[in-house]
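*Asks:* Got a structure for you, written out below as structure tokens; questions coming shortly.
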């Protein structure tokens, strides 16, 4: 739809723009098979774009008077909340005032605004909100009052006066009152409630004095030149009213909102959080007073107790009562959708179980303390909970459980296991041979690991073992005919699932013919048939859930070890316990030689109890001819008192120290301390700057080097890390920790821009508490912290409120628990206890920062020569060195620098007792490794990259520095990264979100003209679409199965699938054009982009033509139509 013509307003405030010269390389020659987009040279020369946050607000002023185009997602969500009366920018507020009184702002002030682009930007990025109960006519009355500036020379006094009035009126839930309290000169320092009772008359207000307990930085946000200008434009009455009654939000560079005045928006999320907020504002004294008052009134106590009992009962019923059919006309699907998460098969218990135990040794089926009848009743209660089932069906289910209890004791597990999942042939001799080879040398030991890792069990064999167990243990009439075949296929699918995939109720019951299950048969009148069918589906699902979630998973845990593999993403591999035991035996021998020491359980327990730590868990990940040890610290710390303390883990305990170290991490990047980068954004910032400098010196030849540290975390010297942290100039002696409320937009709730409806705020936002660490020597506002481009906070699409006084912590106090756990790290592995003697634990939340900081200190001394650069065209010298954890990349114009870099790092490793993977050394030139003392005399030919240089998933063109994303475009490689887990509630939105996530996941820098040309951007685009189409089809299959029996079935399913493709292609193009700075594509490329995108979906759906014939035909027809018809891209 085209944009409506903007309404003209008397106040003509333009949108601020900063002209930027576009620096683009010459377009490459056309590549066969790739789309040729429209040349936009003329448009490119005339177009002025904005930088940074200016660009994101490019459309803010386009609407003139109606203001609809100002609404970004957060702004629109606020406007759509029941608790919010109105939400408008300061710019729109000025326009509405002029309609009421054209003297506010005055003509003179209007001209000043028009000539002040910084103030214009401020107006567009300040949002004013009212509460639901606010009377909008109040502004009209105030606007017609006489314009006054009584506080022209005392603006701060006016701000203080408003705060005092709020305190007197007892409006303590306003952010303006944070840190302030009233003191009565006559009565001394009393509590606020007592003063209000004694001073109801306004004549006593002069007796009050405002005392500051701590600095209110929300107030500081108002003491700026821009707000002082707003005061001059509005006058006393309007400005004081806005500051007193409105909720004011400032938009940050990440499109988030910081609230600086008004009722804390966090109060509106729900009643519970409102009470928490009230307790925070009013303090413990009021609660004590209320308790005292209630104690003197027994009747009030009885009433409160009775009400509280009702609430407690309701909470218990909500937790226990999951599903109950009470009437024949109840919709099963509706009930099913309400309890989606309760109706998912849980698989977490399956993974990483290394214990060698017998089947059901501790299972209730083999309980020695309970009778068979008690076992049956307990299983039934566990499966069905409090749900009612008709007596006849309940008896049949009880009978099935009884037969399982008896038959599983007769089942020959060893026979069926060896029949379906045999060990390698001649395993006993192989085992001896492997142990002998592993003891000889490192190379042979690596071959042994590689061979053992290849003995993974075939998934179909495991599925056959499980289905034979069910066939022999359950009654013969449990599943028959086609239902039995469907069950076998479901079991195979269950075994093949990726790490985070599972069955939902809909996906599990799909294709089963429940009416053909003999033990679910019933006789009834036609009018009651629907009731019994719904009940049968529910019971059948509960029984299947018990089979998969309890029996099948327990069986697999007993006989197989389930794990991921390195570079296999989320694909799961199964090993017989006999094989995995040997892998663990060889692995722990290696770890004991490297960095572990076996200790007694008593020693570990004494340390953990005295220091309040929980021991970590160690597991292994297969990795080629070796293994990767993974430590996790998710165990709860024992003997902790309190609701939150009882759930405390080691990583939770280090959270405050983590905030301090994240501050250190930001400083390392900001001040270029060492050469560490921490994510792809850091990499691309430095890479883009380097590309610009390289082009300025006429693009000379570059020399590339990539190196990899061996066992990066294990080789960190803990004592030296402590020394570096204590002496570093990047760390302050003290740190402030901010506690903030964060409201995060729910991605699955979309606000209709054309016709939105008011909903409770909890429908649009979810909450969390976020801690932020800042230097103790500074005291910036929350807005200033978020505006810092080097901040390490993920605060996009959020509303943030600072909730309490900042707490100061000495550096040494924060570091103490980090140092203790690093120097005394205890882990458990295969029922044994170990202490880490070298390096830092890899699974701690702070480990990645400590590791990077350690190697950064070593780099600072050894690699200073790479900081010397020259932009002289005759003899240029520029260098780019980055290290992401343990992976180095050097790009330099001088070959000597590349050679010296390798030599320096090699010597650095020898002097600090760590190693590099010299076999993984990669360059784009030949070199003699013997010169720097390496044992290898020649370099491997495969390690020399001539055209594309590969580093951590990025391929760099050596001649042009264009980049391509490395994506595995084979079907197997694509699907191993997919987790379908279909959301049955809002399934259409789920499918749309899935396709968006396949395309728009951290890919913006591949489509920036400052880095890439269209030729290379199109290569990445092709890979993205190949992978996205493959994953989308897999999701559409689940989507179609779910809707086969719903109102969306038939042709409507195809239309929804196609509609989502169209919407997401348009959103993707909008993202690449509007959200990417200096984009490769222009708006006139839209039609060619759309046609090109469709081809990938047409190709993939053609392969599934039998299942998606309608989708393929419509997409093909759309493609032909677009070849003739012209479409335009317009932002709505």
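Cβ atoms are placed via backbone N, Cα and C, with glycine included.
In case it helps, Swiss-Prot gives these features for our protein:
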type	residues	note
BINDING	708, 886, 887	Mg(2+) binding site
COMPBIAS	9-26	compositional bias 'Polar residues'
COMPBIAS	45-55	compositional bias 'Polar residues'
DOMAIN	602-956	domain 'Reverse transcriptase'
REGION	1-66	region 'Disordered'
*Asks:* Which residues, same chain and not among 708, 886, 887, have a CB within 8 angstroms of the centroid of the CB atoms at the recorded Mg(2+) site?
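*Replies:* Other same-chain residues near the Mg(2+) site: 707, 709, 712, 883, 884, 885, 888, 917, 920.
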*Asks:* Let's check the environment of residue 708 (Mg(2+) binding site): how many other CB atoms sit within 10 Å of its CB?
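*Replies:* Cβ-Cβ neighbours of residue 708 (Mg(2+) binding site) within 10 Å number 17.
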*Asks:* What are the sequence-distant neighbours of residue 887 (Mg(2+) binding site), meaning same chain, six or more residues apart, C-beta distance under 8 angstroms?
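*Replies:* Same-chain residues close to residue 887 (Mg(2+) binding site) (Cβ under 8 Å, separated by 6 or more) are 706, 707, 708, 709, 951, 952.
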*Asks:* Hey, what's the Cβ neighbour count for residue 886 (Mg(2+) binding site) at 10 Å?
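*Replies:* A 10 Å sphere around the Cβ of residue 886 (Mg(2+) binding site) contains 19 other Cβ atoms.
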*Asks:* Check residue 708 (Mg(2+) binding site) against DSSP and tell me helix, strand or coil, would you?
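*Replies:* SS state of residue 708 (Mg(2+) binding site) = strand.
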